[in-house]
Amino acid sequence: MAPENFTRVTEFILTGVSSCPELQIPLFLVFLVLYGLTMAGNLGIITLTSVDSRLQTPMYFFLQHLALINLGNSTVIAPKMLINFLVKKKTTSFYECATQLGGFLFFIVSEVIMLALMAYDRYVAICNPLLYMVVVSRRLCLLLVSLTYLYGFSTAIVVSSYVFSVSYCSSNIINHFYCDNVPLLALSCSDTYLPETVVFISAATNVVGSLIIVLVSYFNIVLSILKICSSEGRKKAFSTCASHMMAVTIFYGTLLFMYVQPRSNHSLDTDDKMASVFYTLVIPMLNPLIYSLRNKDVKTALQRFMTNLCYSFKTM
């Protein structure tokens, strides 16, 4: 229990990616470039899937929302992180910290579910191509995406409420570059068993549950591809899901390393911070590249968009 006489924490201090003063400006420039590329890439995907009529399919509808989620996830983290590289006292208020944690949880949970939906979409497209447009209808897509955001929001509210229901009255130094569950609970001066349990169950349920959907979908996809007689047909079928397979492997590998571990009262180590950098900033930057460079439809749509844009400027 928390002691009777204490001063309640009103602000937190973030240690950041590195405490070395000489690295602050170089790190600022590196992460500024990362965030800039993330913004450009994901906004590009959102724009292309919105304006190009050939990309108005369920596959690209889900990709559009994945790009939106990636954009939101990095925006919750990056701006504050960049500011902290330039200031000596890296403080964040209690409510600002709670808002950042809630926003991060909303987007990361939504991304986990969205990747599972995209795997199911690829499963139907390859295993049941004749029924694809009937099964994965526009109405169903809207419903699934809406439920994804609703579930992400509900999870964020519940988990962040439990994390901030405990007392913070001793140290206020968060060993991280943003407000996250594990380093926050390590600072609490009250019993953290319940919030730690909620965090662990939520993370394990979301990651393992969605991972099962992904694995089952791709197991059936592989079986269907192996049944295709021609090598050209197998190559074409594989190419439709290769980008998503790569994105899923990178994302789940990093997330499993980070979150599916026994409860601990210890704050994050350097490896955990690097994993956090990877899935909050690097993966949102990589996804547009993965889905565009390995996708003929997206590359063709980009060429059409740039051609039309250049033509519009010439006729002005």
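Glycine too: its Cβ is placed from the backbone N, Cα and C atoms.
Topological domains recorded in Swiss-Prot put Cys20 on the same membrane side as Asp272. Sorting each residue of the topological domain 'Cytoplasmic' (121-139) by its DSSP state yields 16 helix, 0 strand, 3 coil. Within 10 Å of its Cβ, the residue among the disulfide-bonded residues Cys97, Cys189 with the fewest other Cβ atoms is Cys189. Here the topological domain 'Cytoplasmic' (294-316) has, by DSSP, the following mix of helix, strand and coil residues: 19 helix, 0 strand, 4 coil. Mean model confidence of the topological domain 'Extracellular' (1-25) amounts to 78 (pLDDT, 0 to 100 scale). Highest Cβ contact count with the transmembrane segment (140-160) among the listed stretches 26-46, 55-75, 100-120, 273-293 falls to 100-120 (criterion: pairs under 8 Å). If you count C-beta pairs under 8 angstroms between the transmembrane segment (100-120) and each of 26-46, 55-75, 273-293, the highest count goes to 55-75. According to DSSP, Cys189 (disulfide bond) is assigned to coil rather than to any helix or strand.
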